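Copied from TrEMBL, the annotated features are:
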type: ACT_SITE; residues: D100; note: active site, nucleophile
type: BINDING; residues: D100, D156, T216, R228, W232; note: substrate binding site
type: ACT_SITE; residues: D156; note: active site, proton donor
type: DOMAIN; residues: 394-454; note: domain 'FlgD/Vpr Ig-like'
Amino acid sequence: MLALPLRAAPLVVPADHALQFAEQQLTATVSEVNDPTRFPRSTLSDGSWRIEDSGAWTSGFFPGCLWLMFQRTSGSTWRTWASSWTAQMEGEKNDTSSHDVGFKIFCSFGNGYRLTFDPAYRDVVIAGARSLATRYSPIVGCTRSWNNRHFPVIIDNIMNLEILFWAARHGGDPAWYDMAVSHALKTRQNHVRADGSTYHLVDYDPNTGAVLGKETVQGYSTESTWARGQAWAVYGFTMTYRETGDARFLDTARQVADYFIDHLPTDHVPYWDFEAPNIPNEKKDSSAAAIAASGLLELSTLVTDGASRTRYREAAFQVLESLCSPAYLAEGTTSSGILLHGVGNKPANTEVDVSLIYGDYYFIEALLRYVTLATDVAPALEGYLLEPPLPNPFDSGMHVGFQVPRACHVEVSIVDVRGAGIRTLARGEYSPGRYGVTWNGARRDGTPAPSGTYFCVFRAGSFHQTRKIRLIR
Ligand code: GLY
């Protein structure tokens, strides 16, 4: 299937202005917090940051914001600040008390490694993934989110599969990949409703894996749809498809994205719950909008038909345009944050109508993705053989097909489970078209690679997709 060529993206989002404002707010936050052992979480009534220590689930987002600013500017000051706050969270790699170790470590150390290739950062990410993996039950087929109830799994947890996927191909245990796939399949089965909406929490029997109950903690009611939970699902299933190429995850990503888009109010920013009882007199949650916008932008690069690509991209543009407007951008207000109008936990009446550090983090990520998309390419891998069937034996080679919608730099490489390069299949400037390369199971020097797990990594611009390969000789 050949995708329609992309039309040039209309630059409708004032991303540069919003990113400049983000730089300004984060610089001021560094001065306000002034201590890398303290982590901003949400704003208080006077607009200043409520601070927590590194144990909070939100701690990784501030260093994550600083890393994203380093990505944008290459400025050494951003790198220094990001490194300082990141270093102070290292102890969190050993946190086995909840799934949040993924948020904490991947947003801080994960971004640090992505942008600096410092091997010490990689080791911390692997340790964090190892901690998360201790929460995996082969009976339930999921990592456990919290320690109450029987075996609760919240929709948010799908976000933390990314650290397992990543670590499995950078020197961690390749079994973490299978755990992540299993968790995502269970989440698809039990959290996602037929109409594409989601439950917040599914409680499993740890002895049998049976579903004991479904409920919400941060949403309005069991059968309603908590907006941020839906946003986590949009982002998380999209990421899971990027990491696996399993079409079931693309189907689910589309389903939850369609629900999100189709239930947005006219300003494209959701209420804190899609079925909150007093809509339109309910609070909006800008964090849900930011998370979903980032996920939708990635989804638009993974679908292969032009109409879907346009739908998801333009939905994301509309959300971002609204978030960049004076209605949501904190410019000219007393807030130390970047986005106004986030909701942490409405039922508990905490962090209602405030700036949230994770809303700011995904907003910046979405803006950077937007800028890249508007000026870069949206590639798609296709024709790739996935398990099952395994792309083996290797006598005739394994074919990797990809398409390039706009002229760009492309790299297709095979890496081992330590992340070390085994073979580069393609590298260079590609003009628009459809291409295929073959891996015959050999290393760079022509000698045969041994049986084992490998990953094919496809990069174009800042976008990438990976596929697991099992080579059996
Ligand atoms: N992961 C917690 C929240 O989204 O509020």
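Just so it is clear, glycine is given a Cβ too, placed from its N, Cα and C backbone atoms.
Keep in mind that this is a model prediction, so the values were computed, not measured.
Sequence-distant contacts (6 or more apart, same chain, Cβ under 8 Å) of D156 (substrate binding site) comprise H99, S145, R228, G229, W232. Across the domain 'FlgD/Vpr Ig-like' (394-454), DSSP assigns 0 helix, 38 strand, 23 coil. In the three-state DSSP scheme, D156 (substrate binding site) is classed as helix. Put simply, the two farthest-apart Cα atoms among D100, D156, T216, R228, W232, the recorded binders of substrate, are 18 Å from each other. Taken in sequence order, the recorded positions D100, D156, T216, R228 that lie near ligand 1, meaning a CB under 6 Å from one of its atoms, are D156, R228. When other Cβ atoms within 10 Å of the Cβ of D100 (active site, nucleophile) are tallied across all protein chains shown, the result is 23. For the pair formed by T216 (substrate binding site) and the residue listed as 'active site, nucleophile', distance between Cα atoms is given as 18 Å, rounded to the nearest Å. In the three-state DSSP reading, R228 (substrate binding site) counts as helix.
All protein chains included, W232 (substrate binding site) registers 26 other Cβ atoms within 10 Å of its own Cβ.
Looking at the domain 'FlgD/Vpr Ig-like' (394-454) alone, the prediction's average pLDDT is 85. In this structure, T216 (substrate binding site) belongs to neither helix nor strand by DSSP; it is coil.
A 10 Å cutoff on Cβ-Cβ distances gives T216 (substrate binding site) a total of 21 other Cβ atoms nearby, all chains included.
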